[in-house]
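Note sheet for the following structure.
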Amino acid sequence: MNKNSSNTMALTPNTSNKRETVCIFGTGDFGRALGHKMIQSGYHVVFGSRSAQTSSLIPKDAEVLSHAEAAQKAAIIIIAIQRQHYDFLAPLAEILHGKVLVDISNNLKINQYPESNAEYLAQVVPGAKVVKAFNTISAWALQSGTLDASRQVFVCGNDVEAKQMVMDIIRALGLTPLDQGSLLAAQQIENYPLQLFPMWKFPVFLSLGLTAFFFFYCLILEVIYPYIYENKDFSFFIAISIPNMVCPILALILLGLVYLPGVLAAIIQLYRGTKYRRFPDWLDKWMLCRKQLGLVALAFAAVHVLYTLVIPIRSFVRWRTSSYTVSQALNNKTVSLNTTNAWLSDSYLALGILGFFLFVLLGITSLPSVSNNVNWREFRFVQSKLGYLTLILCTAHTLVYGGKWFLYPSSYKWYLPHAYMLSLIVPCTVLVVKFVLIFPCLDKTLTQIRQGWERNPKPSE
């Protein structure tokens with residue numbers, strides 16, 4: 001009962017029991033928004049400003065004093081001003097001595113200065129206890145209350161007690177503090193808001209490049225080739241048919257690229273006989289963005305499903321079906337059902353449905369809200385065991401659909417293989433290598449290496 005009550009108090013405004021006084025230097029958008037949020041949470045807020053006159057923009061329950069007067073009223077002072085204006089703090093060094101200064105500033109570009117803003121603030125006011133916090137929260141989020149996407153607040157500082165005081169305020173505002181260590185982490189924290197989907201760059205650029213390549217590849221084989229050699233205009237394939245070829249191809253290749261770095265890492269560890277040597281940088285970066293690669297692959301697979309659902313209502317498909325029916329009627333001939341083709345068709349669809357179901361399951365378990373509720377063994381089982389099963393089903397889905405094209409010379413237009421053949425290179429390579437790696441002789445050695453065994457351990461000095 002007490003636990004629930006304390007949690008509720010930490011996440012809701014408490015105006016009946018006033019907390020300690022907090023000083024905010026700066027009356028800009030963020031300073032005002034943070035001050036308003038603190039007043040709602042029960043804090044007494046004092047603004048330090050060059051002009052001690054109260055403005056209509058300042059929260060009505062807050063005081064506005066000069067910097068020196070405001071600093072004397074609080075043990076915690078939030079510096080809501082830009083780095084280039086820190087020099088005015090030097091004359092206040094005696095008043096600020098021993099106080100907690102919370103640096104919330106950000107820069108315009110990554111690594112704009114040699115040291116972080118928080119470290120620079122500690123140099124300007126050497127007697128203060130500097131803590132970095134609140135720089136990942138926007139003024140708009142504080143004002144509107146939409147903090148779901150930015151509830152985490154990174155905190156770092158050299159003084160443990162000062163950090164704890166700031167983290168208590170963060171919790172009282174209904175936010176989640178994350179301790180990042182000493183003030184040396186401040187530059188990384190300041191760079192964080194400037195990064196635009198850093199782990200998504202490689203997957204997005206790779207998928208865009210592959211999409212452009214396969215789109216033009218299919219355009220050459222499906223539109224340009226028939227126009228030149230058969231004088232047929234299939235330009236309308238650009239709208240549905242070609243995208244419905246590119247999407248499953250990209251989904252399968254990207255899914256294969258999710259698991260390819262894992263088998264490459266296993267080969268490297270077997271070759272080296274140890275796990276204590278770092279992988280090459282390119283492999284490290286590749287392994288870090290596997291989740292993003294998988295989600296992009298899932299997006300392509302979902303678009304493929306949507307394109308497939310509209311196939312029966314396409315004008316071209318309805319024309320071809322009616323023409324075939326009329327042709328049978330005119331020739332007074334009925335073609336009997338080919339059970340082999342029926343089996344292939346049903347198998348192709350069944351494999352696709354099962355593969356997409358597991359694909360969606362992998363995507364769901366990668367969400368933080370889901371992955372945080374499973375232990376490491378469960379997460380590994382889904383992402384590894386079910387992941388490889390998904391790759392097998394999706395590869396089999398493609399093989400059943402387009403495997404026959406390997407055997408027909410007519411499939412090689414301008415001596416180029418069909419795009420579906422190219423899509424099988426990466427997943428088939430991954431599955432073959434993985435099949436070899438699960439041989440007992442290799443799997444046992446690899447397991448020992450990952451448990452700490454070394455083939456040629458270095459002698460201890």
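Glycine too: its Cβ is placed from the backbone N, Cα and C atoms.
Here TrEMBL flags 21-107 as domain 'Pyrroline-5-carboxylate reductase catalytic N-terminal'. What TrEMBL lists as transmembrane segment is 204-229, 249-271, 292-313, 347-365, 386-407, 419-442. Marked as domain 'Ferric oxidoreductase' by TrEMBL: 249-391.
Same-chain neighbours of the transmembrane segment (347-365): 251, 255, 294-295, 297-298, 301-302, 305, 371, 374, 379, 382-383, 386-387, 389-390, 393-394, 396-397, 400-401, counting only residues six or more beyond its ends whose CB sits under 8 Å from a CB of the stretch. Here the domain 'Pyrroline-5-carboxylate reductase catalytic N-terminal' (21-107) is broken down by DSSP into helix, strand and coil counts: 32 helix, 21 strand, 34 coil. The predicted model assigns the domain 'Pyrroline-5-carboxylate reductase catalytic N-terminal' (21-107) a mean pLDDT of 89.
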